[in-house]
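First comes the structure, then the notes that go with it.
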Amino acid sequence: MTENSDKVPIALVGPDDVEFCSPPAYATLTVKPSSPARLLKVGAVVLISGAVLLLFGAIGAFYFWKGSDSHIYNVHYTMSINGKLQDGSMEIDAGNNLETFKMGSGAEEAIAVNDFQNGITGIRFAGGEKCYIKAQVKARIPEVGAVTKQSISSKLEGKIMPVKYEENSLIWVAVDQPVKDNSFLSSKVLELCGDLPIFWLKPTYPKEIQRERREVVRKIVPTTTKRPHSGPRSNPGAGRLNNETRPSVQEDSQAFNPDNPYHQQEGESMTFDPRLDHEGICCIECRRSYTHCQKICEPLGGYYPWPYNYQGCRSACRVIMPCSWWVARILGMV
């Protein structure tokens, strides 16, 4: 009886006896849980590292933007031109040595970019079919600090700027052919002009001033071109006599203004002399800033003979600061 009770056939084994037939499971229970736990740890480390990198990248980008923006300052003001109030703005970018002036809005907007690094000024009018460039002195714009920003803002913000707009001032007229190679222009001027053709501007004067200049030339030229001996060498002098009505500042042989000594000056230094006032960079006798406007016109009836007959004149304005202010900025006094 005891032998029969110990030996149980496999066919008679019930559901309760299955655990006695299964192999031991303790060997697999210690290996399987380790693999997903390790993956979770690696994933957590990757996520934390990525978050830290993003945080440092955001902080670096913020400080880079803040540092680059510290070299740029914007100010808005109001000017009165012929009894009409117009809004204007000035942007000083000391890092790129640029000044940007905007006047008016909509169809009457005019934008001028003064590139002091290359000695070029770009001008564009809203709705115009041309973009203009003219000679500009080469200089270095001093960095504008926080104290200076407050000084400029207190002088310009919320005030009506006086406008210097003389009838006897220079009038800039576009030449007949656009610029073929614009590689010498900065990216800011090219961005301003876009796809528009670019034309050089040449200086001229109103007819009354031109008559006075011609009278002076007629008195001077005969004494300077007279030669003691007649011959073939006197022909160039006669040629110059035929062109005596052509103002010397309107020569086409040079792209830049020949009366401007700064284009021949190397380096980034700016000399404080009366030409700064003459060229409209700053005002020597002024104690406050003002708005300086220039007329830009299209020729009427062809480009030759001189002097120009012009039409369709529009104004481009900029803010002129006292020369003492610029010198103080260069010396670090303000």
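Our numbering is plain: 1 for the first residue shown, then up by one each step along the chain.
Cβ atoms are placed via backbone N, Cα and C, with glycine included.
The compositional bias 'Polar residues' feature in Swiss-Prot is assigned to 242-257. The annotation disulfide bond is assigned in Swiss-Prot to CYS131-CYS193, CYS282-CYS286, CYS283-CYS323, CYS293-CYS317, CYS297-CYS313 on the grounds of similarity to another entry. Under the heading domain 'BRICHOS', Swiss-Prot lists 104-201, citing sequence analysis as support. Annotated N-linked glycosylation site per Swiss-Prot: ASN243, in sequence order, evidence recorded as sequence analysis. Among the features that Swiss-Prot reports, region 'Disordered' is placed at 218-268.
Contacts of CYS286 (disulfide bond) defined by a Cβ separation under 8 A and a same-chain sequence distance of 6+ are given as ILE320, PRO322, CYS323, in order along the sequence.
Annotation for the disulfide-bonded residues CYS193, CYS293, CYS297, CYS313, CYS323: lowest Cβ count within 10 Å of the residue's own Cβ, CYS313. For the pair CYS283 (disulfide bond) and CYS293 (disulfide bond), the C-alpha distance works out to 14 angstrom. When Cβ atoms from all protein chains are considered, those within 10 Å of CYS283 (disulfide bond) total 21, not counting its own. Neighbour count (other Cβ atoms within 10 Å of the Cβ, all protein chains): 25 for CYS131 (disulfide bond). Neighbours of CYS317 (disulfide bond), defined as other CB atoms within 10 A of its CB across all chains, total 23. For the domain 'BRICHOS' (104-201), the predicted model reports an average pLDDT of 77.
Closest by Cα distance to CYS297 (disulfide bond), from the disulfide-bonded residues CYS131, CYS193, CYS317, is CYS131. A coil conformation is recorded for CYS286 (disulfide bond) in the three-state DSSP classification, outside any helix or strand.
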